[in-house]
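Residues or ranges marked as domain 'G-protein coupled receptors family 1 profile' in TrEMBL: 248-517. What TrEMBL lists as transmembrane segment is 234-257, 269-293, 357-375, 415-437, 466-483, 503-525.
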Amino acid sequence: MYYRDCKKENFYYESIQVKVIKSGYYTFRVSGAIDPYGSIYNNKFNPLDPMDNLLNQDYARNSDIQLKLDIYLDADIIYVLVMTTFDSKEVGEFSINISGRNEVNFERLSIPVNIQLKYPLKLTEDSPTYYRDCQVPHCHYETLQIHVNTTGSYILWSKSNTDAYGYIYKNDFNPLKPSENLLLSHGGPKQSSCVIGDQCNVYMKGIGLTLDDILRDELQPNTALNNQSFSIKLSAGLTIIMFVAGLINSILSFITFQSKDAQQVGCGMYLLTSSITSLLAISMFIIKFWFVVLTHINASTSLSVLRGGCASIEPILKLFLYLDSWLNACVAVERAVLIFKGVNFDKKKSKSIARRTIVILPFCIFGTLIHELAFRRLFVYEAAPGMSKNNENPNNRYVSCITHYSPSIQNYNTAVLFFHLVGPFIINLLSALFIIFGGARQRSNARTNQNFKEHVQEQFREHKQLIISPIVLLVLSIPRLIISLLPGCVKTSENLWLYLGPYFISFTPPMLIFLIFVCPSELYMKAFKQSFNRIRRRTP
């Protein structure tokens, strides 16, 4: 039996060691005469601290729904599946079915705890006191000397009606120097990288890493930016550089496409709008970064400000990013239509369609993101007194922006990510191929001195940027998709730039409009130079 949570109710349990032959996603389904409650742990399960090493958990919410755990398991890691019941002290039979990439090996681990000694203690006003730390200086304490006959692993735990703290020292304890000879301490439940909160107020991380997850362990609360780690200061400098580059890109693009020559057809209108949305996207990226940094540094930030930022910044950022990608796809489609229609291409109709598309497209994209507003919320919990991380947060308040998706909503969210990333790429690529092969066929009909293959090669040399550009944009955007699909249990602090670097790279596409669409085009470069010269003549 063990205490599953802070309610101090006893639960029977079975612990089973799980090994997989091939890494991949596995599904655990449990059914039987009991209401099953299952938890997956990394490496080992400690019944005295059931939050330690916890990866995921689930339970049968009613008689019609059996327990189901979907989790990624690594072949190089040992896992422990702990089965108990939803209600306290229930017993009964259950069965476990697993589906996945390959065979799964089970080994039963549950054995009774062999209690060697029980020792009653009582802290009173007459107990000695010492300065434990600067947070709680005046503490009563009792000391016990421990000898063991056999070397091995031992568990010490206490049951108390107070918030008990325990410390193990080697050889000697000096109350005037409580950090000297200290081997191990425990003053409450520990967190695994999959868990936010404490034993009584817990949130299990799902799929996907956010900027909050990446920077949370690196940021030091109530510490000025100048005193933050080098990684934080470097990333702050990079965001400023990215903003300046994005601003220059948008200004140059706007100068190009605001001219009448560039807006003769819908392409120019799409690109003019894209020059604005790209600036808005990079601006929202800067706002998000500094919102995360400043609110983590200032631990006393108002909860209403945190809730507003949590609910709005990420969806708005995605809206502008996706809108920018789809506007580029619209440009590709119109170019393909121009090749298909030839001399019959209607410029007025093209501009009319562009106006309607520019108005409707943001609402369509926002419709695919509406679920984020419903499931994005602020998770707030209070740490136990004196348990602030590194004594840096005197308010004992910890806040995190989370998205709590059901499995079906998580699948929908993943589909939306793929749709907005792969959709524009496929449209760009197919349009480019149509332009190359369609243009080659038209030329082969008009100029018969060359065969079709030679015309295709000539068209490819002329329009190769139409194929290269979407591939470059896709490669730069893929890190954002990968980060969105990574398990939330990843310890980013161990390899910060392995995650932060790709996150930054994924926001570079909005900075490349001028390089991708203007520089390779003689028409747009001519329009840019004319607009730039007009501005220079007007400037005193």
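Using the three backbone atoms N, Cα and C, a Cβ is placed for every residue, glycine included.
With a threshold of 8 Å between CB atoms, the same-chain residues lying at least 6 positions outside the transmembrane segment (357-375) that come near it are 266, 269-270, 273, 311, 314-315, 318-319, 322-323, 326-327, 330, 403-405, 409, 412-413, 416, 419-420.
In this chain, the transmembrane segment (466-483) lies out of contact with the transmembrane segment (269-293); the count of Cβ pairs under 8 Å, excluding pairs fewer than 6 apart in sequence, is fewer than 3. In the predicted model, residues of the domain 'G-protein coupled receptors family 1 profile' (248-517) average a pLDDT of 82.
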